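S.K.: Pasting a structure below so you can have a look.
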Amino acid sequence: MLMITSFANPRVAQAFVDYMATQGVILTIQQHNQSDVWLADESQAERVRAELARFLENPADPRYLAASWQSGHTDSGLHYRRYPFFAALRERAGPVTWVMMIACVVVFIAMQILGDQEVMLWLAWPFDPTLKFEFWRYFTHALMHFSLMHILFNLLWWWYLGGAVEKRLGSGKLIVITLISALLSGYVQQKFSGPWFGGLSGVVYALMGYVWLRGERDPQSGIYLQRGLIIFALIWIVAGWFDLFGMSMANGAHIAGLAVGLAMAFVDSLNARKRK
């Protein structure tokens, strides 16, 4: 048995399972925190993943609803309930995911009230040799964001990727990825631009690299990122490097974070194969 993906909404999971049944592929749903879709015949994995990518691009396509009717039902037998917005957030996010989101929001509010410079004096990467033993600074730069778009973009990806890692691999794994990527991406960025930078994007890029490569090399880990999204991440890095959008980006942190995530995923997937 091979786990293909997970859906927060069981109706969406059932729609995909029904469609694949019309294509001659039998999938099953197991209910845990989310609806996990499993494939018994692993020889069809590539075909199923290709169909999944098309499904995720437009799950509302009429052919998927038609497949449910063709399968003889539109009711999966599962008990559904409508999730309000915050309940949907809570469904995917574990405690570490939530703590980081809250910390970033609190710091952002403090920056609006006190000013960026005042907060950076306390949280920025050590900008003076006398501060090198204030160890929190090697990590707290990731909490600072300088615009509403900046924090929304990073927290959305953090929730999506960090939540998946925490739910599937545990809080400890998410903490390790976060600390290592914050430290190393911060170190590289301060070499590029000095100590005055901030944002969770180095960690987010680490999670992108980790989730994508771990999903490719170890599908049974239960985490997965579409190749199109990792391509988008690479394009964004190139755009930032050549300043195509006229925006100030932490290019060093992005590249270092992505490299950290890929390296950690490679090691973890090797260890997973050795245990089999």
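Indices start at 1 and increase along the chain as displayed.
Cβ atoms are placed via backbone N, Cα and C, with glycine included.
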S.K.: What range among 1-21, 169-189 does Swiss-Prot record as transmembrane segment?
M.R.: 169-189
S.K.: Counting Cβ pairs under 8 Å that are 6 or more apart in sequence, does the total for the transmembrane segment (94-114) and the transmembrane segment (250-270) reach three or more?
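M.R.: No, the transmembrane segment (94-114) does not contact the transmembrane segment (250-270).
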S.K.: In sequence order, what residues of the same chain, 6+ apart, have a Cβ less than 8 Å from the Cβ of SER201 (active site, nucleophile)?
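M.R.: Listed in sequence order, they are ASN154, MET249, ALA250, ALA253, HIS254, GLY257.
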S.K.: Which sequence positions outside the transmembrane segment (169-189), separated from its termini by at least 6 residues, show Cβ-Cβ distances below 8 Å to it?
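M.R.: For the transmembrane segment (169-189), the far contacts come to 94-97, 100, 125, 138-139, 141-142, 162, 197, 202-203, 205-207, 210, 221-223, 250, 252-257, 260-261, 264.
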S.K.: Give residue numbers and ranges for long-range contacts of the transmembrane segment (250-270): same chain, 6 or more residues beyond its ends, CB-CB under 8 A.
M.R.: 176-177, 180-181, 184-189, 191-193, 197, 199, 201-214, 217-218, 221, 233, 236-237, 240-241
